[in-house]
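Asker: For reference, the structure I am asking about is given below.
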Amino acid sequence: MHKASTSSANRANFQGNHKTQKSPNNGKAKAKKSPNTDINVADVEMLLNPRSNLTKEQKERRKMMEGFVTKTFERAENESDGSDIDTSASTSNKGKSKAARPTDRKRRLQAEDSPPADANNNNTKNGKDGKVSKESASTQGASATKRKPPRSQGLEHTSPIQVDGEALACPLVRKSLPAAGASGASGPAKSCPLPEKRKSLPAGAAKSKSQVIKQEALEEASNEAQLLALPIETHKTDSIEEGRRVLQWLLNPIKVNHFFDDFWEHTAFVVQRKNPHYYSKLISFKMIDEMLVRHRLDFTINVDVTTYKNGKRETLNPEGRALPPVVWGLYSEGCSIRILNPSTYLVGLRQVCSIMQEFFHCLVGANVYLTPPNSQGFAPHYDDIEAFVIQVEGRKRWRLYEPPSGSDQLCRNSSSNFDQEQLGEPILDEVLEAGDLLYFPRGTVHQAITEEEQHSLHITLSVYQQQAYVNLLEKLMPIVLKKAIKQSVALRRGLPLHTFHVLGEAQRANRSDSRNQLVENVQKLVTKHLMPSAQDIDEAVDQLAKKFQHEALPPIILPEEQVRTVFGSRSTADEQGNAICDYEFDTKTSVRLLRANILRLVTEEDGSVRIYHHVDNGFEYCKYEPIFMEILPEEAAAVELLISAYPYYLTVGQMPLDSAARKVEVVTALWERGLLMTEKPFK
């Protein structure tokens, strides 16, 4: 390569006979020094050795030499046409950055020369703040220093991380962490083997299994407006349509209808926007730091620390709280950080999830993944969710593969880890940049790795977990069977005495008439008595909906909604100490449900009627037991009317109850539980 030949020539010039060359003018006039003779070095090998004890002057010379070599490489690359010219097997490495070697050498020498306070390499690169580019020796080649099992949580030689020019609260952990380049490896630092360059797919394969959609960059203000702009009268909006609006913002430029017709559950795609700020309001490096400082997040419960090296995935979670210095120390060692429930602490992300769950009628979960440069945190695997990968910062290369078998397509459970040898050709191989979106269906095998000098921060939104027909049938068939047992004597009759002798795995080769007769009888019983009715299906769907009410995030109450709900109510006391409420209903008061899916009306097996809701759910997954209120059977008609009328308002007098007092009583009870909203504020 150009880099190798240039380096050899320079090295030869430095190592000659150490005699000062005469100028072209025979010493009469001092010739201008050339770049190759500007640095007079006594012993280049000593200067290149990071363990050498150098004087101040020698350190300055080493910096000069390093700067010269780096400029030489940059000049050589600028003169090239951008392609790799592989002329030396010892310097070629397929898939690596062309500037990997000089950049790594520069980083190693800077780490050796810098004082301890700068050992974190917090300097910004290319004018961009917040890019953590340091790689510890534990992430370098085969001779790298091995990480010791006990991990210190103490601090030595720390300095704050800089983001947007501000020092964050957490210093990087330096105790027990080796300096970059200490291993002495000659190649670039690696936390895992770089993947081979992508191979071309068979004709038509990429089109049938994945697509890449490019969107022209829009103005940043217009992008934010699509998400943040609310209707003038938010108390009159339809929460399902609001969920569609947020999904449309997520998918742009793909239309929601197009998405469900052409991609949903069968085809992966990437949206490339060239707009790094498209999702930047949802999360950032600085937000994660603030989250760790302000809240108690525990390893394993809220935070996972993972690595994937040499084909092996490891979880390296310490015990206890995920304190910022510990998290960033592990991150600086090359570990990936996964935050399991960020919507608990980030209001903007929680709002996106809570609005989208109205559209999907299921929990919308979110995980955050922060990966250092040239790292992979997870082995190839597939998940049991429809995944929307939102790239917020940096870059990450994603490779998707077909489900291993037909039974893995639209899988019900996530897989174990796959070996690289088990994977075929990728159906999609793309690098996500900030502002890009990747969607893939459940059962799609995937893996992702960051690039040299590029970290990655992305959010994975997950929907439709355990939301398939089979989940409905699991609820439905026990209901059908239980009713059929009561109604059919044939199902309650005893089995023939010879059943065990003609049926079973050991009897599969049995072709007797008695065996065939028994098989036919069982099939007839199922066909005749286990066909579900519409009422049975309704009951089963209610059971699934109860599960959603238990899992769902609580709604975020907007200011215009707050003054119309119990959450904006304030009570006072009179002179005698009696509580005085600031609201009062009458038959002319107009009300509606707070959200389309805020409640579920369910008749239980014992005949009781309950309203399950998620108004008071916690931010953590299923933090509380299912929340419900019990009503009288005759009051269910009023709730059914409110459900069918949404998003429109009804007056209290329109409730199908026998008296005005009863109507006011029922509506007041629902409003006080946070389930209803009035058209006009009481104040």
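Each Cβ is built from the backbone N, Cα and C atoms, and glycine gets one as well.
Okay, these came from Swiss-Prot:
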COMPBIAS  1-26  compositional bias 'Polar residues'
REGION    1-162  region 'Disordered'
COMPBIAS  54-65  compositional bias 'Basic and acidic residues'
COMPBIAS  85-94  compositional bias 'Polar residues'
COMPBIAS  95-108  compositional bias 'Basic residues'
COMPBIAS  116-125  compositional bias 'Low complexity'
MOD_RES   SER152  phosphoserine
MOD_RES   THR158  phosphothreonine
MOD_RES   SER159  phosphoserine
COMPBIAS  179-189  compositional bias 'Low complexity'
REGION    179-208  region 'Disordered'
DOMAIN    341-480  domain 'JmjC'
BINDING   HIS381, ASP383, HIS446  Fe cation binding site
Asker: Counting other Cβ atoms within 10 Å, pick out the least crowded of the binding-site residues HIS381, HIS446.
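Answerer: Across HIS381, HIS446, these binding-site residues, the one with fewest Cβ atoms within 10 Å is HIS381.
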Asker: For the domain 'JmjC' (341-480), report the average pLDDT of the model, please.
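Answerer: Taking every residue of the domain 'JmjC' (341-480) together, the mean pLDDT is 96.
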Asker: Could you find out if DSSP has ASP383 (Fe cation binding site) as helix, strand or coil?
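Answerer: For ASP383 (Fe cation binding site) - judged by DSSP and reduced to three states - the answer is coil.
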Asker: What number of additional C-beta atoms lies within 10 angstroms of the C-beta atom of ASP383 (Fe cation binding site)?
Answerer: 20
Asker: When the domain 'JmjC' (341-480) is classified with DSSP, how many of its residues are helical, how many are strand and how many are coil?
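Answerer: Secondary-structure breakdown of the domain 'JmjC' (341-480): 35 helix, 47 strand, 58 coil.
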